[in-house]
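As annotated by Swiss-Prot, ATP binding site applies to 10, 11, 12, 13, 14, 15, 123, 132, 133, 200. Marked as region 'NMP' by Swiss-Prot: 30-59. If you look up Swiss-Prot, you'll see 31, 36, 57, 58, 59, 85, 86, 87, 88, 92, 156, 167 marked as AMP binding site, on the strength of sequence analysis. What Swiss-Prot records for 122-159 is region 'LID'.
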């Protein structure tokens, strides 16, 4: 079962990715993790990636695709894999297809921008433990304080409204066109495209995923 997750930052992909990995026994492939692992291992591709990153440049699509191919050939991907955060653009999706990396399901988590902003800017984190709260959806017992230690909670830089809105603009410009791309791929019978209402509760989304993936 080879799956691509699509959806804006804050659409709930991370939570559901965890569920899919555990339920279906397939690993999540993150291009960031893959790049770090290749650099650390000092593989041929890792050396190339390191040279590009050290020069302050973005790693090319070709190199990322080569890393994905190398990664999915490993034993733990025998039953499939879950791609989140890649492909981000239509050229990357085309390159994946040309490299013979086929996908069974493309799952789009659809959530309106304003709800995403609401979800993200309300997050509060306890730095010591990583415990996450939300001022509206999961508030601490005492406002601004961690339930366990009573220490102050903080807002991550990434969770500030200006940053969130920037990331959403980037998503709509770069990644949203993939929705049309994979819709056409599904019509051609090359994959199954499923749009999931990400505004539902975590459990409802989970039930829908089980229904789709079997």
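From the backbone N, Cα and C atoms, a Cβ is placed for every residue, glycine too.
DSSP states for the region 'NMP' (30-59), grouped as helix (H, G, I), strand (E, B) and coil, give 22 helix, 0 strand, 8 coil. Helix first, then strand, then coil: DSSP counts for the region 'LID' (122-159) stand at 3 helix, 10 strand, 25 coil.
Considering only the binding-site residues 10, 12, 14, 123, residue 156 (AMP binding site) has 123 as its nearest partner by CA-CA distance. Taking every pair among 31, 36, 57, 58, 59, 85, 86, 87, 88, 92, 156, 167, the residues recorded as binding AMP, the greatest CA to CA distance is 30 Å.
The number of other Cβ atoms within 10 Å of the Cβ belonging to residue 88 (AMP binding site), over all protein chains shown, comes to 17. Reduced to three states, the DSSP call for residue 12 (ATP binding site) is coil. Taking the Cβ of residue 123 (ATP binding site) as centre and 10 Å as the limit, one finds 19 other Cβ atoms among all the protein chains shown. Residues within less than 8 Å, Cβ to Cβ, of residue 133 (ATP binding site) and separated from it by at least 6 positions along the same chain comprise 123, 124, 125, 126, 139, 140, 153. By a simple count of nearby Cβ atoms, those within 10 Å, the most crowded of the binding-site residues 10, 14 is 10.
Most Cβ neighbours within 10 Å among the binding-site residues 12, 57: this distinction goes to 12. In this view, residue 86 (AMP binding site) is surrounded by 21 other Cβ atoms within 10 Å of its Cβ, with every protein chain counted. Summary: among the binding-site residues (31, 59, 156), the fewest other C-beta atoms within 10 A of the C-beta are counted at 156.
Binding-site extent for ATP: residues 10, 11, 12, 13, 14, 15, 123, 132, 133, 200, maximum pairwise Cα distance 20 Å (rounded to the nearest whole number).
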